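What TrEMBL lists as domain 'Major facilitator superfamily (MFS) profile' is 14-408. What TrEMBL records for 12-38, 50-71, 78-96, 102-120, 140-165, 171-190, 230-250, 262-283, 295-313, 319-341, 353-376, 382-404 is transmembrane segment.
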Amino acid sequence: MRDYLLFVRQNLALLTFGFMTIFTGNLGQSFFIAWFGAGIQESLDLSAGVYGSAYSFATLCSAITVIWAGGLIDQMPLRRYVVLISMGLALALLVLSQTQSLPLLLLGFFLLRLFGQSLLPHTGSTTMSRYFKDGRGKALSLASSGMPIGEVVLPVLAVASIAWVGWQYTYLGLSLSVLLLMLPLFLWLLGKSPRLDETSSPEQTAEDKTVPGQLNKPPGRGAVLRDYRFWLALPGLIAGPFLLTGLFIHQNFLLSEKGWSMNWLATCFIIYGTVHWVSSLISGAVVDRLRAPRMLPWILVPLLACMLTAAFVPGQWSAPLMMALLGVAAGAMPPVTGSLWPEIYGTARLGAIRAMNMSIMVLSTAISPVLFGYFIDRSVSGAQLYGACSVFVAVALVLMCLSYPANSRPVANS
């Protein structure tokens with residue numbers, strides 16, 4: 001704990017920037033958008049199927065766009081990039097506040113998922129990975145704390161605001177807040193960050209100076225796609241977001257199968273958020289000691305235990321156990337995976353590499369609700385569905401062990 005406090009004191013401004021970008025990015029996450037769903041469907045007279053299809057289509061489009069947009073962080077000054085994505089998020093919220101038709105809803109969801117779910121957290125995590133070599137795990141864990149804290153705080157504020165002024169004025173207020181409060185805060189924090197030196201190009205940072213065998217071009221997306229270790233690790237990398245999204249979107253199925261009430265599950269979300277935060281802090285410190293490749297398989301162990309609990313453990317008290325295990329898994333993933341890419345591929349093309357992986361993750365979150373719904377509509381039981389998920393995680397865990405943990409050699413420049 002003393003090391004954490006000293007680390008925070010020495011790097012307070014840049015760590016706060018990372019935290020606030022990820023916290024603000026929660027405005028584009030499914031758990032937050034879900035609170036506006038009933039009001040939007042009622043105002044636009046949309047069925048659940050049409051609304052869900054619009055949301056999935058917008059998410060798919062954002063997953064494709066982020067491959068290009070996320071890589072721009074390697075090609076322009078960080079402050080300019082932050083201005084652009086903050087204005088994009090403010091525009092998304094403004095469009096949603098004025099939505100009166102399905103095309104506008106699609107545009108608003110696309111912009112919100114692109115700038116909120118993807119690019120703001122991408123900016124925070126990439127900045128932590130790029131500008132911290134020693135203490136990278138701690139930096140990522142502290143920045144990633146913005147998500148669990150948002151999961152606890154933002155739904156309460158959203159529900160209160162929607163009840164007070166309605167969903168459209170709530171979105172309008174959020175748009176103004178991003179433009180007038182968050183954007184100036186981001187720029188001020190970057191200006192106060194001594195680690196941030198934008199006179200040097202990303203090609204000259206961190207591991208790229210020390211990767212053995214470098215020749216000309218720093219490793220980028222092509223190097224990742226040609227690396228067999230990436231393909232072995234990929235099922236495990238998408239397992240978390242894929243299964244968590246499917247689980248939460250179809251939580252009514254989980255409630256009916258387990259006999260839980262909505263209030264009981266909502267209470268257990270507090271456990272999830274708390275454990276998520278603690279797990280993130282602990283994982284950040286551990287990954288700095290052991291390095292990311294050695295830690296990689298362990299992020300799937302609590303996820304496997306969670307799926308087994310959902311499949312085979314009955315009763316009310318399986319809910320807090322399941323949510324605690326989910327919290328451990330969700331908290332461990334960002335520090336470990338966020339440290340993996342710069343350790344193996346360097347930081348020069350880190351934005352492009354992270355954007356590609358984020359696109360794959362977002363794509364998986366668009367597919368899982370449809371896939372879960374397909375099996376639920378065909379009367380698959382909870383034990384069968386979550387048991388199959390357990391098998392998927394177990395296979396992914398074996399493949400993960402054969403990837404970067406078995407060979408953690410950095411990729412040389414090409």
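Placed from the backbone N, Cα and C atoms, the Cβ positions cover glycine too.
TrEMBL entries are annotated by machine, without manual review.
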Highest Cβ pair tally under 8 Å against the transmembrane segment (102-120), stretches 12-38, 50-71, 140-165, 295-313, lands on 50-71
Listed stretch, out of 50-71, 140-165, 230-250, 262-283, 353-376, that has the most CB pairs under 8 angstroms to the transmembrane segment (319-341)
262-283
If you count every Cβ pair below 8 Å, which range out of 171-190, 262-283, 295-313, 353-376, 382-404 shares the most with the transmembrane segment (50-71)?
353-376
For the transmembrane segment (295-313), out of 140-165, 230-250, 262-283, 353-376, most C-beta pairs under 8 A are with 230-250
Are there 3 or more C-beta pairs under 8 Å linking the transmembrane segment (262-283) with the transmembrane segment (382-404), counting only pairs at least 6 apart in sequence?
no
Does the transmembrane segment (12-38) reach the transmembrane segment (262-283) with at least 3 CB pairs under 8 A, where each pair is 6 or more residues apart?
no
Return the stretch with the most CB pairs under 8 A relative to the transmembrane segment (353-376), choosing among 140-165, 230-250, 262-283.
230-250
Averaged pLDDT, computed only over the residues in the domain 'Major facilitator superfamily (MFS) profile' (14-408):
87
